[in-house]
Structures are given as C-alpha cells and as structure tokens.
Amino acid sequence: MGAPLSTTRRGMGQNLSVPNPLGFLPDHQLDPLFRANSSSPDWDFNTNKDSWPMANKVGVGGYGPGFTPPHGGLLGWSPQAQGVLTTLPADPPPASTNRLSGRKPTQVSPPLRDTHPQAMQWNSTHFHQALLDPRVRALYFPAGGSSSGTQNPAPTIASLTSSISSKTGGPAMNMENITSGLLGPLRVLQAVCFLLTKILTIPQSLDSWWTSLNFLGGLPRCPGQNSQSPTSNHLPTSCPPTCPGYRWMCLRRFIIFLFILLLCLIFLLVLLDYQGMLPVCPLLPGSTTTSTGPCKTCTALAQGTSMFPSCCCSKPSDGNCTCIPIPSSWALGKYLWEWASARFSWLSLLVQFVQWCVGLSPTVWLLVIWMIWYWGPNLCSILSPFIPLLPIFCYLWVSI
C-alpha cells in the first residue's frame, strides 16, 4: 500500500514519522492514521491531494480569519469553506419616508405685506395717534409718564414677582461678585483649618522636646508593661490610655497648653499697649505709687474720637494737683519699667549696658550673627513648633 517507507527522505515535509493530522505542516495533508483514502493511505505521495501552493489561498472561513485548513475534506469545497471571500453589492439606501408617503417640501412663507397688509399700514403716525387714547397710553407709559424723553418701561408681572426692589431692565446680578463673595469665606475657613491642625501639633512637638531634655541620648522606648493591660513598646510621647505613662503625658501637655495661652496673653497685652489701648497712669518722679483721692482723675481726653484718656492727675505730698500725660504708646511697658527700676536699682545699669551695645552696633551684629550660626539649628528645632502662631500674631498686629 503506497510507496515503500524505506526510501530515505529529508526535511520536515519528507519525514513520515511526524504526525500531521490537519495538514498544517509543509507537504503533509492527513496522517495515514485517519485513512482518508483507502487506496493510498500514504498521503505524502497521494496524487489526489490538493497541492500545497493552493493551501496558501486561505481567508475567512469556519475557523475564523486566516484559520481555514488547506483542504476541503472537513468543511466542504464551497468558496466560504475554502476561505474565498465573495464581495456582494451593497443595497442602495432606502428612500426618504416623506418622499414615499407623498409629502412635499414645506413652501416658503409669503411675505408679511401679502399676508397681513393691515400691519404694514401701522406707521409712526398711526402709532402716535393711537397714543392719544388713554387706554392705549396706559399700556405703554406708567402713571405720570409722558411720551417724550427717557421713559421707564412698564412693569411686568415677572419683574414684580421675581424682585420687588429691582426694576425691569435693571442690570443683572454679577456672578463674579457672587462667586468671590462665596470663595472669600471658604479661603478663610481653609486657612483657619490649616493653622488649627498645625497648632494642634504644637503640644506633641513640645512634649517631644521636653522629654528629650531628660534623655540626651535620644528618646527611650516606653515598655508600657502593665499587669492589667500590657501594651507594646512605644515612645513616651505617644502613650496609649492603657499605659502607666499616659497620665504623665497628659500632665505635660496640659502645662504646655497653659504656656501657650500665657504666650498668647502676653502678645495680646503687648499689642494693646503698642496701640495705646492701655491708659496706665505713670509713676511720679521720686515716688513709687500715685496717691488716691478725688484729684486722681483724668482731666482731658485724647485728641479725636478716642475713648482713652490722655493724662492723669496725681496729688503729691505738697497738696497741689499735677497732671501727668499718659504716653500714647507703651504706657503699660513704661509703667512696669518705672516700677521695676524703683524696686531694683541695678536695672539702671542694664540701661547703660544696652546703650553701650547700641553704640557698638557693628560688633553687636557680628556677635548676633555668630550666635545664630552656632545655635541656629538648635534654636530652629526648638522654635519650629511655634511657627504656626506667627501668621496669627502678624495678622493681629496689622489688623488691630
């Protein structure tokens, strides 16, 4: 049956030992196992098989695009089974529905002079004559109006119902102003929330700095071991409520909050004293207190509309009233300085030292620069928690 198998053939297409059931390898159609042709089971030498070059002419068939077997035994011998595409003529587009139903195009409207000739006769002369009728006049002009000059248009129901205060024909509301009016408070709220979140981090940062002063080698790990509720290792500045060190952390942060409130109060007093809103009577020269009595009253107010006095009357030992002017700025600071100078005489030497430092301004500036260069990084790490307070202080200083 067939040619002898002992003949030596080379190449992948001449190797009969390679199974080729579907004929996708070169010079093979079907393996003899399928027995497609009983007269010649050796399909490598079957003369009835289709030639291999014809197998290259494949197209869209039963196996999808470009995946059609090169024979027709499985799918048939039709052009579709062999992958040959047949182009069918496309059907013409359907005609318009209006044309099929017999509808004609809409005719062009005739001019107004043909359809409504009476409207063309209504010229300005007829209009002014019609205005002589009170009923027609009331439709175009409000009460008390005239037909000459600029007129207010007749109010409409829409304008009356929409806005009582606005007139018909008035300018429309500017949406840009409305948008800016809404975005302004939103920007302020965003800035306040940002500063609030930064301020809330101040106690934690100061707590870490405070704790680091006790442990120069770095913050230790809090074991947090408790007989009732053991916890994992953590920093002493972030103790959970179950840790024994939690109460000490709360105490430290409470003291830090009091310190921040004291700092804000001092800043507020300095600001009010700078603006002259703290009218404090100064001390008399040579005395430590101002005498009490009916003479210690303000005799003159400050210039302008200010509600703060400008001077105070004091009664010294000789019995004569003396009017002492109140400084327009730093009244409380000068009072405290005079009171401290009267109590501590060595403060007068400090004034001379400050004046001497001011006289040596280049040297002082070099000293300050050297101190900042040497202690600057440490100062920045210490003062960094207070940076969120600076914008608030600057805003209050400018606004008040």
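Placed from the backbone N, Cα and C atoms, the Cβ positions cover glycine too.
Scan Swiss-Prot for N-linked glycosylation site across ASN15, ASN123, ASN320 and the hit is ASN320. Which of 84-110, 219-245 counts as region 'Disordered' depends on Swiss-Prot, and there it is 84-110. Placement of ASP114 and MET371 with respect to the membrane, taken from Swiss-Prot, is on opposing sides. Taking DSSP states H, G and I as helix and E and B as strand, the topological domain 'Intravirion' (370-375) has 6 helix, 0 strand, 0 coil.
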